[in-house]
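Student: Take a look at the following structure, please.
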Amino acid sequence: MQMGEQPPPPAKVYYDGCPGCAMDSKKDSRQGVPYKELLFVGATTFASALPITSLFPFLYFMIRDLHVAQREEDIGFYAGFLGASYMIGRGLASVFWGIIADRIGRKPVIAFSVFSVIVFNTLFGLSVKYWMAIATRFLLGALNGFLAPVKAYSIEVCRPEQQALGISIVSTAWGMGVIIGPAIGGYLAQPVKQYPHLFHEKSVFGRFPYLLPCLFISFFATLVFISCAWLPETLHKHKGLERTVEMVEGSTAQESTEPPKNSLLKNWPLMSSIITYCVFSLHDTAYVEIFSLWTVSNRYGGLSFSSKDVGQVLTIAGASLLVYQLFAYRWVDKTFGPIQSTRISSALSIPVIAAYPFMTHLSGIRLGVPLYIAAILKSVFATTRVTGTSLLQNNAVPQEQRGAANGIATTAMSLSKAFAPAGAGIITKAWTDLNN
């Protein structure tokens, strides 16, 4: 080696039998995008997100059919608590699932979470009592510990320059699931009423009018659950060590400049991104519920849409996310970075939301065009925020803390989202009482 030349970096050492080392070795030998792994990430994320908001288009009618509300004006109140039950369950269990994912691996938690969707989403469609609907949604949230490990997983299957793409796949698939879920609910709920030539009143779908959309989602989740068998693990599990390490160089473990393992709550980059994440999660969830209730209501400035009409609007908004992801987001991230893109999308959401009340005075194509444009823009801005904050969270901690860090973020976000539908329902009830 001549004077002035830098010494070569130490050779990377991989442990035999360690799934994390196998993934690192695969990443080092591969230059392109990990399409197979990201396809798994997108499919599993989409399946887990579908049931979260699929009930919103028929929630009004379901509460009415359960005969729990004494007055029509009280339906929004009960709907809010039913919508919140999922987030309460997820908020109570997310840290637990994040820690489990850091201990035993990402794959088992992801697979179990998809399985819980199959079981409890189907049971929700069979609910004939309000308490049963609340219980199944709560258990669906508590046992679906998917979000924390899948965010860590999407980072760990990508090379550093591809991590923005990996986390954006999670955000886009999640956003599409949250938006297309209501479309499925709108098109498939009450099939006897919507498609009388296909479904008989005395069939199982006549007795359980909200079972078909739940079965449709559970069937898709079943296919995804089977595909989890081919999902590679990414967590490092070195024999003879009490904790996992990301890489060993020579005989010395790689030193990290990232925060120590016991400092998650003192990690300001992590906590600040979580706070931002929670604020806008509350906002986005309240928006979805109020939008669905506002469009189907025929009073108090509502648009008198059918559940199918609401589903159509949300379907178009969901499809726009795919176009945005394929053709625009990578440019946005490269140009502005995660922090600036989050700030810009947050600011631009304000005039979009403020435009909705003025649409009640429109009709026909004069209503349709601005309504679709606003719904599309709102979805794009929400996805940009979620992607940016998620990327910041995962880059703020080392691998052995990513599950727990995402668990904390998911818990805080879920509690925010739990407050959102309940708060929206209470505000809606108060507004209707004020106008009576």
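Even glycines carry a Cβ here, placed using N, Cα and C.
Note: TrEMBL annotation is automatic and uncurated.
According to TrEMBL, the feature domain 'Major facilitator superfamily (MFS) profile' maps to 37-436. What TrEMBL lists as transmembrane segment is 38-63, 75-97, 109-128, 134-153, 165-188, 208-231, 314-332, 344-365.
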Student: Take every residue in the domain 'Major facilitator superfamily (MFS) profile' (37-436), average their pLDDT values, and give the whole-number result.
Tutor: 81
Student: Out of 109-128, 165-188, 314-332, which stretch touches the transmembrane segment (208-231) the most, going by CB pairs under 8 Å?
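Tutor: That would be 109-128.
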Student: So which of 38-63, 109-128, 314-332, 344-365 has the most C-beta pairs under 8 Å when paired with the transmembrane segment (165-188)?
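Tutor: Maximum Cβ contact count belongs to 38-63.
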Student: Counting Cβ pairs closer than 8 Å, which of 134-153, 314-332, 344-365 has the most of them with the transmembrane segment (38-63)?
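Tutor: By Cβ pairs under 8 Å, 134-153 leads among 134-153, 314-332, 344-365.
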